[in-house]
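If you check TrEMBL, you get these features:
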DOMAIN    48-258  domain 'G-protein coupled receptors family 1 profile'
TRANSMEM  32-57  transmembrane segment
TRANSMEM  69-91  transmembrane segment
TRANSMEM  111-132  transmembrane segment
TRANSMEM  144-167  transmembrane segment
TRANSMEM  197-219  transmembrane segment
TRANSMEM  239-258  transmembrane segment
TRANSMEM  278-296  transmembrane segment
Amino acid sequence: NMYKEDFGNMIEENRNSSDSSSAFTHTNTMSAVLITAYSVAFAGGGIGSITMSFVLVKMNTLSVTTTAIINLVVVHSLLLFTVPFRLHYYVNKKWVFKMAFCKMVSAMVHIHMYLTFLFYVVTLVIRWLIFFQWKDKVEFYRKLHAIAASAAVWVFVMVFVVPVLFFEYGRSGSYNDTTCFKFHKELQQESVKSLNYTIIVAVACITCVLLGLQIFILVKVARRLSTSLWSHQEFWAQVKNLIFICVIIICFLPYHLFRAYYIQHVNDFEQLESYNEVFLSLTALSCLDLLSFVLSGS
């Protein structure tokens with residue numbers, strides 16, 4: 001009897017371990033891609049955030065652009081804090097932390113993406129206002145105004161976005177405690193589908209408008225400075241604006257375009273979920289923007 005019990009326990013343990021490993025759907029190749037993407041984001045983003053923090057400390061003025069960059073450092077740092085937990089999961093193929101923390105880590109990638117997108121748009125719009133000479137320079141009259149504007153954004157996120165994500169995330173269906181980032185069952189709800197489609201269209205349209213406007217400005221500058229184009233500071237200032245738009249096109253747009261297909265075919269085959277995770281990992285590479293600003297002297 002004792003041998004039978006031991007044998008039964010051994011079978012049960014094997015079944016449980018195989019269940020937990022099969023719950024981790026990513027292949028070795030996909031895991032390697034995810035580990036690489038998040039490792040690059042963590043290393044480059046960390047160096048960029050630290051370096052940019054030193055640069056910002058030395059600055060006396062607090063323009064709207066500078067305030068947006070400060071907020072970028074904060075939002076990148078929050079994402080980078082969660083990255084080691086993602087890497088731990090992808091390496092060990094098992095989530096050993098609480099499910100509530102899994103939701104937070106999962107939600108942080110999305111919060112990071114849309115806040116980064118917002119700060120990019122604000123920075124570009126301010127720079128264009130200055131270019132079209134509607135404003136000589138856009139500065140907050142007091143540091144308190146800059147803090148208040150930033151606080152308003154963060155309070156909105158903490159009061160409206162975080163609670164909704166935390167309480168609504170993972171409500172559809174039961175999820176394995178040892179498996180994280182598998183919340184695709186939510187997409188079966190029509191309201192969630194509609195919200196996703198709305199966001200996809202909004203991001204795609206805003207990106208097209210940003211790119212179109214920047215090309216228009218570059219052409220305008222090129223015509224005005226036709227002889228001394230390459231040596232003129234104004235031309236290079238507009239080229240540097242393209243860094244923001246390139247990050248949006250490379251890091252954010254692929255995820256949203258694939259998302260439209262993913263929502264339609266979410267239940268067709270399991271590997272789609274891995275592709276969605278890979279496209280989502282691209283959004284984390286936007287953390288490298290601060291490093292590119294430092295290296296380009298922007």
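Just so you know, glycine gets a Cβ as well, placed from its N, Cα and C.
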Contact set, same chain, for the transmembrane segment (32-57): CB under 8 Å, 6 or more residues outside the stretch: 26, 66, 69-70, 73, 76-77, 79-80, 83-84, 86-87, 90-91, 277-278, 281-282, 284-285, 287-294
Recorded stretch that, among 111-132, 239-258, 278-296, has the most CB pairs under 8 Å to the transmembrane segment (197-219): 239-258
Positions on the same chain near the transmembrane segment (239-258), where near means CB under 8 A and six or more residues out: 113, 117, 120, 123-124, 127, 199-200, 203-204, 207, 210-211, 214, 217-218, 275-276, 279-280, 282-283, 285-286, 289, 292-293, 296, 298
Chain residues outside the transmembrane segment (69-91) and at least six past its termini with a C-beta under 8 angstroms from it: 26, 31, 34-35, 38-39, 41-42, 45-46, 48-49, 52-53, 56, 97, 101, 104-105, 108-109, 111-112, 115-116, 119, 123, 150, 153, 180-181, 284, 286-287, 289-290, 293
